[in-house]
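Annotated features, as they stand in Swiss-Prot:
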BINDING   Ala53, Gln54, Thr55, Gly56, Thr57, Gly58, Lys59, Thr60  ATP binding site
DOMAIN    40-218  domain 'Helicase ATP-binding'
DOMAIN    241-389  domain 'Helicase C-terminal'
MOTIF     9-37  motif 'Q motif'
MOTIF     164-167  motif 'DEAD box'
Amino acid sequence: MQQDYLSQQRFSDLSLHPIVRDTLAKKGFDFCTPIQALSLPISLNGRDVAGQAQTGTGKTMAFLTATFHHLLTHQDPNLEYPHPRALILASTRELAVQISNDAEFLAKACGLKTALAYGGDGYDKQLQAIERGVDILIGTTGRVIDYVKQGVIGLDEIQVVVLDEADRMFDLGFIRDIRYLLRKCPTPQVRLTMLFSATLSYKVRELAFEDMNDPEYIEIEPEQKTGHRIKEELFYPSNQDKMALLLTLMEDEWPERCIVFANTKHRCEEIWGYLAADGHRVGLLTGDVAQKKRLSLLKQFTDGDLDILVATDVAARGLHISDVTHVFNYDLPDDREDYVHRIGRTGRAGESGVSISFACEEYAMNLPAIEEYIGHSIPVSQYETEALLELPKPYRLKRAVPPQGHTRHRSYHTK
């Protein structure tokens with residue numbers, strides 16, 4: 001993490017439980033990020049907080065640190081807790097899994113058990129883990145409600161509630177589910193509630209604050225919505241040139257770790273086919289991909305076994321993937337906020353990144369709203385049609401996927 005990205009607030013100077021403080025120190029957490037520096041003094045004192053900051057600024061560690069501290073300082077050694085004491089709700093199952101992974105080192109050091117509850121698969125496995133005992137339940141609203149209604153878990157011992165990517169949960173229509181679960185917990189006055197998100201509209205704050213106890217609202221205002229370390233670039237390709245331009249730019253940029261976003265599953269499959277045929281180590285992440293496959297793809301991408309991930313917006317929110325060097329908007333998103341969320345995959349934690357967008361015949365109409373929202377025009381670049389790569393015959397999903405270890409090659413072309 002870049003030093004100029006951090007604040008002057010040290011974790012060691014905060015009123016942290018010794019186990020949490022020492023564990024963070026062993027993991028190399030010395031200085032807080034700005035959102036951590038502002039939120040932790042509030043949450044460590046048991047006061048509710050709603051924090052807004054750009055993706056990749058340390059929101060997850062902000063609420064995990066406060067959660068473990070609160071549980072350690074509010075436990076009775078003479079009591080056994082048969083039900084969860086903390087509930088962390090995420091907008092997607094991938095985000096829930098990543099939060100669980102991030103919490104693992106703290107859970108081990110603190111002697112607290114975490115468990116996952118999300119839809120898609122693993123119902124019995126998740127159930128068995130919960131029945132073995134859980135202190136911190138991390139999941140999505142639907143599966144958690146299932147377990148509550150079945151009597152598998154009770155929420156009457158909850159001491160901490162976290163809503164992560166809160167605006168996304170509201171956008172997805174989870175407001176009734178959230179309220180159902182919060183009403184099953186102890187009242188806001190006797191629990192700690194934390195709400196974090198990259199964007200937080202007034203409407204969302206108003207809805208969420210009904211179930212919080214006089215929360216303090218904090219915001220880390222970026223220099224610009226898209227992050228000043230992200231180099232943005234815009235092309236105006238014809239529909240005929242669009243795919244060839246993508247492949248050509250891939251060869252020119254040669255990204256170490258890249259996400260390509262498109263607006264539909266069909267378009268993502270098409271992009272995957274051409275990139276795979278061109279010899280790239282590429283994975284496909286859409287809503288139709290089975291849960292186990294999705295998690296496997298994310299792990300391969302994170303571990304560096306895949307260089308490119310082609311995704312719909314299901315992957316745009318909450319995924320904590322470090323070292324993404326490039327983001328391609330093959331299609332400009334219909335929702336202007338999704339542009340910010342997409343390119344927020346790169347330029348994280350003080351690193352630099354590149355965002356390249358195509359304003360094609362179909363989606364160029366989305367550009368004015370995006371530029372109005374981000375507060376600046378995206379620099380335009382030109383290309384020469386005759387310099388574009390010739391398209392290979394694309395792979396189709398019904399054909400065997402090339403081995404993940406397939407070596408990428410460079411195609412040579414005249415610029």
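Even glycines carry a Cβ here, placed using N, Cα and C.
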Problem set entry | Other CB atoms, at most 10 A from the CB of Thr60 (ATP binding site) | 23
Exercise. On the 0 to 100 scale, where does the mean pLDDT of the motif 'Q motif' (9-37) fall?
Worked result: 95
Exercise. Looking only at DSSP and grouping its letters into three states, which state does Thr60 (ATP binding site) belong to?
Worked result: helix
For this session: Using DSSP with the three-state reduction, classify Ala53 (ATP binding site) as helix, strand or coil.
Result: coil
